[in-house]
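Trainee: According to TrEMBL, the record shows the following:
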DOMAIN    7-138  domain 'Beta-hexosaminidase bacterial type N-terminal'
DOMAIN    142-484  domain 'Glycoside hydrolase family 20 catalytic'
REGION    193-221  region 'Disordered'
ACT_SITE  Glu314  active site, proton donor
REGION    518-567  region 'Disordered'
Amino acid sequence: MTDRYQTLLPRPGSATAATGTYELTAGTGVVETPGTAGMSQVVRELLTSLRLPLPTVAQAGATGAAGAVTLHLEPTSGTAESYRLRVHERGVDIVVATVDGLVNALHTLRQLLPDDTWRAAPRAGTRWVVGCGEVTDAPALTWRGAMLDVARHFFPKRTLLRYVDLLAMHRYNRLHLHLTDDQGWRIESRRHPKVHRVGSHRPATQLGRDRKAGRDDGTPHGGYYTLDDLAEIHAYAQERGVTLVPEIDLPGHSSALLAARPELGVGEHRVLTGWGISGGVLKPLPATVEFVAELLDELLEAVPTPYVHLGGDECVITDWASDPEVSAYQEELGLAAPIDLHGHFLRALGSHLKRRGARMVVWDEAFVTGGLLDDSIVMAWRGDSVARRAAGAGYDVVRTPVYPTYLNYDQSDLPEEPMSQGGPITLPEVAAFEPVPADWSPAERSRVLGLQFQAWTEYIASERHLDYLMFPRASVLADVAWNGRSSTAAGADGAARTGGTGPLEAHLDRLTAAGVEYRPADGPHPWQGGGTGDRRRQSGSTMAAEIELHERISEHGDVGTASTRST
């Protein structure tokens, strides 16, 4: 049979095939050795597609001669996510330090099984035969994330649950949800219901990339997640080794919130229908901090996560300088300039999160502006230099550069590509990413928690389009994240094709079984292309120009003093 140990993705630390096979059947049980009580339920949950009972048994052979999946706990055997998986002719042995390691081991086992394990129901006659062998594995990076913008375009709960499954399949362990922006507020508030009743919908959506053209579709768009929805998504993700990182973007990008609570800003605001940077900025006052803290408390009660993202990006501070109340508060604090209120505001909210047991995560503008808590996590999206400066200043950093982690950009320069943010960012370029640069100092390198890919959804309105833009680039980046270095999983030319034998080529068959509508190697299917209408590809600045722009503006913390544009 095919050596599936060489097709695993992400590629494990070591994987060796042996002679023989083992078949999981209705007689296969799960043995819990000391310290693993309750872990058999994780096995049943993650192997539910096998349609096997997998009962907990006292010892191998207790249900007959079918063997067993035997779980072993060795707390000092490795890191929290490490595992050893051995398949032999009498069963499967899994050795882990924590349940997170078990989750990773089970996803590796699924990749070793027939691809039908990724289907909702297996095809008739499928036998769950796995080749004998051994895998020893552990991730190089602790933060392997995916950001999904549900503010620009709302995606229903069922889509997020499916997305969690796809992330877990690739060993991503963070789902960063961008829940608020100028174009929509997606979180229920029971204390302040007007926030979601007003902020969760807009009357129309911009058509094309040119906001100045003033064209929209005339169709209302909206939606929000109840706190119960978010609690469900959080629990579902936790069971699959994925931590939810909710984001409330502030003090900028707040038009949707200000449409509901105008007293928190300057002037009148509405939920925006177009893209770009706006003047929807919260006043950095104690009353605003108190109000936002109440929203955060509601969120953390539903989602007790260790990380909350507070944005801090693209803040236009013009209104702060002209507002008497803000100016008086600045003078009271003895701050030299209005921009200093940015750091003061985020520090106050970060302190509130810290009291609730959560760390604040921010975009890199907040680092450049200054005033952050020492334990803040910086997502450096504007290039390598700002990431290095943040690491050198002692902050933990998640690598999120536009190039090559913004997967909402084109995948090629083919004219038939659908409209996107710009680009292109090709599969080989994603594979070549070095998340921990070799020329950084050891101290700087130690501050890199990991990496994260982004899906900004200005031009992603459907789950099908999301699939197309994310995969297979996210599959290759998962290999980069797991191993902490550039990937060769896509082969020499990076053009993986179904039916091949390389890790990514074999992985495409898994994606097909899972129903993922990924981009083929030679370009979009006819129904995936942009056509000649509003979804057609529209040229913008070159990727080189984008990189130069972001490096240049990364010297600034706000866009009230820098020439820039939204990404």
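Here the Cβ of each residue, glycine as well, is placed from N, Cα and C on the backbone.
Keep in mind it's a predicted model, so treat the numbers as computed, not measured.
Just tell me what is around each of these and how deep it sits.
Mentor: Averaged across the domain 'Glycoside hydrolase family 20 catalytic' (142-484), pLDDT for the predicted model comes to 97.
Long-range contacts of the region 'Disordered' (193-221) within the same chain: residues 153-154, 180, 183-187, 256-257, 259-261, 271-276, 295, 419, 458-459, 461, 534, 538, 540, each at least 6 residues beyond the stretch ends and with a Cβ under 8 Å from a Cβ of the stretch.
Around the Cβ of Glu314 (active site, proton donor), the number of neighbouring Cβ atoms within 10 Å comes to 23.
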Trainee: Summarise the region 'Disordered' (193-221) by DSSP state, stating how many residues are helix, strand and coil.
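Mentor: Secondary-structure breakdown of the region 'Disordered' (193-221): 9 helix, 5 strand, 15 coil.
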Trainee: Run through the domain 'Beta-hexosaminidase bacterial type N-terminal' (7-138) and tell me, per DSSP, how many residues are helix, strand and coil.
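Mentor: Residue counts in helix, strand and coil order: 29 helix, 45 strand, 58 coil.
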Trainee: According to DSSP, folded down to helix, strand and coil, what is Glu314 (active site, proton donor)?
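Mentor: In the DSSP reduction, Glu314 (active site, proton donor) maps to coil.
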